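*Asks:* Among the features that TrEMBL reports, domain 'Plant heme peroxidase family profile' is placed at 25-321. Here TrEMBL flags CYS35-CYS116, CYS122-CYS317, CYS201-CYS227 as disulfide bond. Look at TrEMBL and you will find ARG62 tagged as site 'Transition state stabilizer'. For HIS66, the entry in TrEMBL reads active site, proton acceptor. According to TrEMBL, the Ca(2+) 1 binding site annotation covers ASP67, GLY72, ASP74, SER76, GLU88. Per TrEMBL, the feature substrate binding site maps to PRO164. Feature annotation from TrEMBL assigns heme b binding site to HIS194. TrEMBL lists THR195, ASP241, THR244, ASP249 with the feature Ca(2+) 2 binding site.
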Amino acid sequence: MAKTPPPFLSILIFLSLFTCLSESRLDLNYYSKSCPRFNDIMRDTITNKQITTPTTAAATLRLFFHDAILNGVDASVLISSTPFNKAERDADINLSLPGDAFDVVTRAKTALELSCPNTVSCADILAVATRDLVTMVGGPYYNVVLGRKDGRISKASTVDGNLPKPTMPMSQILEIFKNRNFTEQEMVALSGAHTIGFSHCKEFSSSIYNDTNHYNPRFVQGLQRACGDYQKNPTLSVFNDIMTPNKFDNLYYQNLPKGLGLLESDHGLNSDLRTQRFVDMYARDQNLFFRDFARAMEKLGVYGVKTGRGGEIRHRCDAIN
Ligand code: HEM
């Protein structure tokens, strides 16, 4: 007959199980006791940064996406390379991630470390900063559950093929999302992020010079003029949504059927039968877009997330402890 463990051992097992479970659960109020000023510090840092540098919102939203889609929001994209490791952020596609997005996370982390050391993960900071910045530029508010841990691995070699590129066929882009359990509709809703921010000319140069069919003729002429010098000046860039570039709204979808989309992948959403009806729906109904974008962002925020002992609380966001 199996022996029952002595009572003190049962209590120990119960306590360690309980700690493990409560450590690994994501929760809206995760920091309410351990870092009561978390929300205030985040809000102050983000407001200051966005007011002085209005490109921060789009920059951070893209950074969040590039972190999340690879192996969950674990701030692995924030880690700097070392002589022994080429990190994610030094993969080709990530070289254009804007410094201001990294900066807003660093600022929040510095302020939070002063108020509650070794408590708040960089992954949670990135998730909340993104939500607050999206809201600040007019987008929907959504809940961000907290308690993510930071990843300990960041390798440039894992990036290629896992992040969408504008020149990929739509099937390949859809596959990237499908592999992570995101539907075609969720992919279209998330792509509405291109309602803010900009793209460098090299990202769409082959379309505006060689394959102009999808563009409105006057728009493509304007793009050719704006990007004329892009090989000499690689910083040249154009707004993703030329109608309301700084406002989070559904104009991105309204632009697409008019030939006012920028990237080949943006046009692709409107020419592929699997995605076109969602472009149509979101172009007609901004509330629906906001609802679906918010839901998809909540889902992206918990996809593959690390909790408990699956990760760490980094001391600095750009280096593993
Ligand atoms: C569906 C496939 C997607 C492709 C092919 C794609 C590609 C790109 C490219 C090439 C740029 C320009 C980057 C530069 O030149 O600096 C860009 C910008 C941007 N992307 Fe995407 N993207 C996709 C989906 C998404 C998603 C799902 C999000 C967020 C949820 C997102 C957020 C952004 C934002 C906010 C910008 C502007 C960044 C800035 O202004 O700094 N993208 N994207």
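Don't overthink the numbers, they just go from 1 along the chain as shown.
Using the three backbone atoms N, Cα and C, a Cβ is placed for every residue, glycine included.
All annotation found in TrEMBL is predicted automatically rather than curated by experts.
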*Asks:* Mind telling me which of the binding-site residues SER76, THR195, THR244 has the densest Cβ neighbourhood, counting other Cβ atoms within 10 Å?
*Replies:* THR195
*Asks:* With an 8 Å cut-off on Cβ-Cβ distance and a minimum sequence separation of at least 6, pull the same-chain contacts of HIS194 (heme b binding site), or say none.
*Replies:* ASN240, ASP241, TYR252, LEU262, LEU263, ASP266
*Asks:* Just jot down the residues in the same chain as GLY72 (Ca(2+) 1 binding site), at least 6 apart in sequence, with C-beta under 8 A of its C-beta; none if empty.
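*Replies:* Set apart from GLY72 (Ca(2+) 1 binding site) by at least 6 residues yet with Cβ under 8 Å, we have GLY151, TYR303, GLY304, VAL305, LYS306.
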*Asks:* So which of the binding-site residues is most packed in, judged by how many other Cβ atoms lie within 10 Å of its Cβ, out of ASP241, ASP249?
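*Replies:* Of the binding-site residues ASP241, ASP249, the most buried by Cβ count within 10 Å is ASP241.
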*Asks:* Could you check which of the recorded positions ARG62, ASP67, PRO164, THR244 have their CB within less than 6 A of ligand 1?
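*Replies:* Near the molecule: ARG62, PRO164.
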*Asks:* Tell me which of the recorded positions CYS35, ARG62, HIS66, ASP74, CYS227 ends up closest to THR244 (Ca(2+) 2 binding site) in space, Cα to Cα.
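*Replies:* Nearest candidate: ARG62.
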*Asks:* Going by DSSP, is CYS201 (disulfide bond) part of a helix, a strand, or coil?
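*Replies:* Its secondary structure by DSSP: helix.
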*Asks:* Taking each of the disulfide-bonded residues CYS35, CYS317 in turn and counting other Cβ atoms within 10 Å of its Cβ, which one has the fewest?
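*Replies:* Sparsest of the disulfide-bonded residues CYS35, CYS317 by Cβ contacts within 10 Å: CYS35.
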*Asks:* Recorded positions ARG62, CYS116, CYS122, CYS201, CYS227: which have a Cα within 10 Å of SER76 (Ca(2+) 1 binding site)?
*Replies:* CYS122
*Asks:* Tell me the Cβ contacts of PRO164 (substrate binding site) under 8 Å, same chain only and six or more apart in sequence, or just say none.
*Replies:* GLN172, ILE173, ILE176, SER265
*Asks:* Going by DSSP, give the three-state secondary structure for THR244 (Ca(2+) 2 binding site).
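*Replies:* It is coil.
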*Asks:* Quick one: mean pLDDT on the domain 'Plant heme peroxidase family profile' (25-321)?
*Replies:* 97
*Asks:* Long-range neighbours only, meaning 6 or more apart in sequence with Cβ under 8 Å: which ones does ASP67 (Ca(2+) 1 binding site) have?
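*Replies:* Listed in sequence order, they are VAL73, ASP74, ALA75, SER76, VAL77, LEU78, ALA123, LEU126.
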*Asks:* Note down the number of other Cβ atoms within 10 Å of the Cβ of CYS227 (disulfide bond), including every protein chain shown.
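*Replies:* I count 20 other Cβ atoms within 10 Å of it.
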